[in-house]
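For reference, the structure is listed below as structure tokens.
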Amino acid sequence: MNPINMRLDLQWKVRHLVDGGVIKLRWHARLDEAPSSFAAGIDLADKIEGMMLGLAIGDALGNTSESLNPSRRRALYGWIRTYQPNRYADQRPVGVPSDDSQLAYWTLEHLLQCGGLDPTKLGDLLASRRHEIFGGGATTRNALRQFERDRDWTVSGWSRASNGALMRIAPVLLPHLHRPSAALWTDTLAAAHLTHDDELSNSSCIAMVDMLWRLIGLTVAPDRDWWLMHWIDTYADVASTARYAARTGYPPEFEGSINELLTTYVQPALAKDLGVEEAGDIWHSGAYLLETVPSVVYILARHGHEPRVAIEQAVNGTRDNDTVAAIVGAAVGALHGARAFPDEWVEGLLGRTGSNDDGQAFGLLAAAGQTFGYGVSDRVRRRALQVMPAKGMPGRWNSTCTNEIMTTLHVVPCLDSEQMAVARRQELDVSRNVAAVLGRSAVTAANAGFYVTKAGQTVVWRDAVHAACAAKLSIRPGAVLPSNEQVSFTETRVQVTNETTLGASRRLVDYGLRPLALNFANGVHPGGGFLSGARAQEEVLCRSSALNQTLFGDPMYEEHRKRPLPDSTDWAIYSPDVPVFRMDDGTELPHPWLLSFITCAAPVAPIIGQPRAGDLLQKRIHRVLAIARAYGHTTLVLGAWGCGAFANDPHRTAMDFRHALENDYRGAFSDIIFAITDWSPERKFLGPFRDVFAAHVKA
């Protein structure tokens, strides 16, 4: 299944399971919203490596003295600042993992294998390795045994409010870094529910992932109150008032909601500025979420601005110290980055995820940096190559620590059917007179700054129209494009679909992506014949959006009118974030949505002749892809460009797109849809694209 469709299916399924009470959580409107994109200048490689290395460091520093009372631990080990001699490493003082980092890094491995979260395949991976887990909790082990029997992640989780899901949840956000979407929250819930069928576990995982995302975007540490209020506010939104009793009698005779615990005990402890160990004695600081969450929040509130101190306090001042330190380490790593950790902590990690796979963790981190497009630090690259030169990188990412990125086209099966063809014909079945009225009214609405829906609702879109016009760029042939240092994707997913440009684009936008759509331009008239009722692709786009406002008056058209033949040039117009206010059939929307366009004209083949027209279009394909890459677009909606009224050869056009994507633009894009409306029996436009890419379809 196409990873985009896979994730959309998972989003729908998780929401259905929440609504049906299978996944225990109170759905809140915040879960329908994508997290904010990261500002330019954020060093994502340092931040993500900090998050994952901080998790491993905290686990490794704590797991040799796990579950001890802090005073007893101190009597045996003193104040722990370095790795202790470890029986699984010939008593060497090195960093060895336990279940916390094992399960987190195996989750990362799964995300690399699948390109995103598939809870069934994640269950397969974790269950297949359950006998390799060091010190795993009973809830996780029992859930994985249950999954092994039924292979149904919706029923495998055990009803326990323990911290086993929380400690491994951090990697779930990696596939969403460059394409933030609401799927982050449903991925979080699915990953958590695999082992823990509990509302407090689910809501805690949402709070954790949201916190990590926000910390990655910060450049300075938040104040003390922020940490506690983040968790309180999240629980207020997504957790019900379900009551939990203290597992060990700490706090004495407590029974209530998690927020009652945080406000009754943690908030006053912060006000008194109690030490971590003294505060932890109030709620026990163990593996129960009513013990773990208060400890994590308390340590971060007091010491989140000093990463080494925060991890040391977690290791020395709590009972379930490896898990508390792993969670704290992930948080301070996401905030401060891997550079904030002492060299001896990072260099002392063996990088294991199992009993004898030294370096695997660094290999996975390097692969993730390339696969998810945020880059790889020199330190992680070096560690991965030091320990894994012979066997290579894990899985199918063997080249990701070198300069050569082995990118492949992953072409999923064509999305087409007779029902889809009929639907396209019906939604585009607009008479010429009606199409002309729609075109003129689109211009009127853009000039007026508002439009009125059929229901009588007045929608003001003036600011969005003005912003789009101000942002548009006219890019002359040969103009130097901005350099883009984006890391190559290891896979470009391509699908041919019987959809309109707007239909495919809206599907991607609803998923949280920011596609760039190619407008098949008339080279001499802005919008083609949309004011006189023409009904080709450009005309539909211009009567449905403010695109024409960004094209009108552009010097490209006058230059093309001067040419003796209708060959146009490589001139293109880039129109980011254009408001779309209608569906393809002309129905006004209650809320406009934004879509970026690149407008470029194909040569008119019957007049120009072949092979010259094809050669010109081939060159123009490269120019369009270069502009898309230069302006940071990784998701494209293309099509049978120039193959309709301009009569270019669809087979050659498809071949030229394929050749460009396999060579000069290999790895430049993550997702491409060729949206081609075609209801002809032989699929004369869609068929050649389907067939040209068919050789790449993966079983």
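FYI, residue positions are counted from 1 along the chain as it appears here.
Including glycine, each Cβ sits where the backbone N, Cα and C put it.
Per TrEMBL, these features apply:
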| type | residues | note |
| --- | --- | --- |
| BINDING | Ser98, Asp99, Asp100, Asp320, Asp322, Thr323 | Mg(2+) binding site |
| DOMAIN | 442-582 | domain 'Microbial-type PARG catalytic' |
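Note on the domain 'Microbial-type PARG catalytic' (442-582): DSSP counts are 48 helix, 34 strand, 59 coil. Listed in chain order, the extra residues whose Cβ falls within 8 Å of the Cβ center of the Mg(2+) site residues Ser98, Asp99, Asp100, Asp320, Asp322, Thr323 are Asp59, Gly62, Asn63, Glu66, Gly135, Met167, Ala326. Neighbour density at the Cβ, taken as the number of other Cβ atoms within 10 Å, is lowest among the binding-site residues Asp99, Asp100, Asp322 for Asp99. In the structure as shown, the Cβ atom of Asp320 (Mg(2+) binding site) sits within 10 Å of 27 other Cβ atoms. Neighbour density at the Cβ, taken as the number of other Cβ atoms within 10 Å, is lowest among the binding-site residues Ser98, Thr323 for Ser98. Asp99 (Mg(2+) binding site) carries a helical DSSP state (H, G or I). When pLDDT values are averaged over the domain 'Microbial-type PARG catalytic' (442-582), the model yields 93.
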